[in-house]
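S.K.: I am attaching a structure below and will ask some questions about it afterwards.
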Amino acid sequence: MALKLFLFALLLCLPTSLSSTASKGKEKKSKFNPYRYTFIDKASTFSSSSSSSFSSNGQDSSYDYIVIGGGTAGCPLAATLSQNFSVLVLERGGVPFTNANVSFLRNFHIGLADISASSASQAFVSTDGVYNARARVLGGGSCINAGFYSRADAAFVKRAGWDPKLVKESYPWVEREIVHQPKLTLWQKALRDSLLEVGVRPFNGFTYDHVSGTKIGGTIFDRFGRRHTAAELLAYANPQKLRVLIYATVQKIVFDTSGTRPRVTGVIFKDEKGNQHQALLSNRKGSEVILSSGAIGSPQMLMLSGIGPKKELQRLKIPVVLENEHVGKGMADNPMNTILVPSKAPIEQSLIQTVGITKMGVYVEASTGFGQSPESIHTHYGIMSNKNELFSTIPAKQRRPEATQAYITRNKYQLHEAFNGSFILEKLAYPISRGHLSLVNTNVDDNPSVTFNYFKHPVDLQRCVEAIRLVSKVVTSNRFLNYTQCDKQNVHKMLSLSVKANINLRPKQLNDTKSMAQFCKDTVVTIWHYHGGCLVGKVVSPNRKVLGVDRLRVIDGSTFDESPGTNPQATMMMMGRYMGVKILRERLGNKAGV
């Protein structure tokens, strides 16, 4: 049934612009260039001769900055740094511009269902038994998420030690290029009214700001349903000083350990043909390698490069460059639970538009519809359907591996929905429970082992119980009766439906739906907002420099001990711009021009 594919896709949360403000006077988009920008090319094109034009001193083929990961933070960071310095971005995935499963809202779930080697998302399952995904595409998580855009609150900015003035300047830099005001669907309007009815007040209208009450947030989907990703922020770049290599998988960061402190000299990466290359960092003062590979990729890369817990590095025979027991520690994921709401009639597709920001530290959102049609499918895989029986268009009683495969073959372009409806979700802000990340092997292409310890702390579980009670009130509110005809007596039926949906690999108590605590444990999933692993004060300094080594920073969500705002992508992109400006000003002062 469509429930499983649709639910998994959104639970894993996580275009072409009609007018580009940034591109005026900057990089012109080539009509026939599948990579859109002339500075983007495949990793196999890298050579000493081709990179020498970016040399900062005219003597060797080196770069002032090498950014590992062209994601939500990496793209705006690279675009900003390129205003004054030579920058090389190494992205392990491809481009989003010609990928229909990334570009169109109606294909949101299909893009996440694609688990092929060239997919924009790489699936993994935490040791908690919860399905998850990490981006593998230029633009990062902004290419595979639900598109909701909302800023962090002022308290987060203060705790981060950021300059409030520069933060306020950096958010609009992102918003001008890729963010839009959504056109509310009827269901999202119903959610808005229901939240107000049950007391999530006041109504704050359409705003990017994080304020208590009910509001409408921004979206990176335009009115035509096309996604605009962080990759489009590269339109701000100086094309003469930026080079972006796709399908460039960094193997490790290279250090010179002959001095008193390890000093970064470059990186080794593999191209799409399997050939290895070494990119060199300029010897100029201030040159750096910047890790922007996300909360999974950045701690993994540090350990593969010899920075991390000594015993773990020695276990895998990785030469120890710097012992730091905190690498990979402090991992957290905001637990999400949902109540599935069947509908009497087909519902227009919508991703996150309306959000209720409660004072109990819980965010309430909703998503509806299935959106996919036979014409919209470009690559269809079903979410690991052959192994985990999650293929959504097969009725539950028929969902066996052999039946699933036969169904895919027989009905690849003739899919229909076995479930019609939507779900209301609650995300727990500021979880206390913490986990860890560790290497499985030394192959960077393989996922590390990740544990989040959902609800290990009793306070997290109690807050989830309160949140589910709130969501139950929302779905039984007067405003939702027109859609669901669900009264208070039917709530447990919906809870039972939610538990039975095969949305994780955790043991379930199917006969205990009256226990809200058990419901939380049974139905926990991710909303893609995992963070930690390279925390400030433990692995990096407040300015994101890696402690104990020279010429290395980490700028991404791995440095956060909490997820900013209702959804973090706005702050991730803002941080890329913010840190880029800070770095330029540190090196050039008033001459930076930003």
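Every residue, even glycine, has its Cβ placed from backbone N, Cα and C.
Per Swiss-Prot, the feature active site, proton acceptor maps to His529; the stated evidence is similarity to another entry. The FAD binding site annotation in Swiss-Prot covers 64-91 and is backed by similarity to another entry. Per Swiss-Prot, the feature signal peptide maps to 1-19.
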S.K.: With a 10 Å radius around each C-beta, find which of these binding-site residues (Ile68, Thr72, Pro76, Asn84, Leu88) has the fewest other C-beta atoms nearby.
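M.R.: Ranked by other Cβ atoms within 10 Å, the binding-site residues Ile68, Thr72, Pro76, Asn84, Leu88 bottom out at Asn84.
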S.K.: To the nearest whole angstrom, what is the C-alpha distance linking His529 (active site, proton acceptor) and Thr80 (FAD binding site)?
M.R.: 25
S.K.: If you skip the near sequence neighbours and keep only those at least six away, which residues in the chain come within under 8 angstroms of Thr80 (FAD binding site), Cβ to Cβ?
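M.R.: Thr80 (FAD binding site) has long-range Cβ partners Tyr236, Gly576, Arg577, Gly580, Val581, Leu584, Val594.
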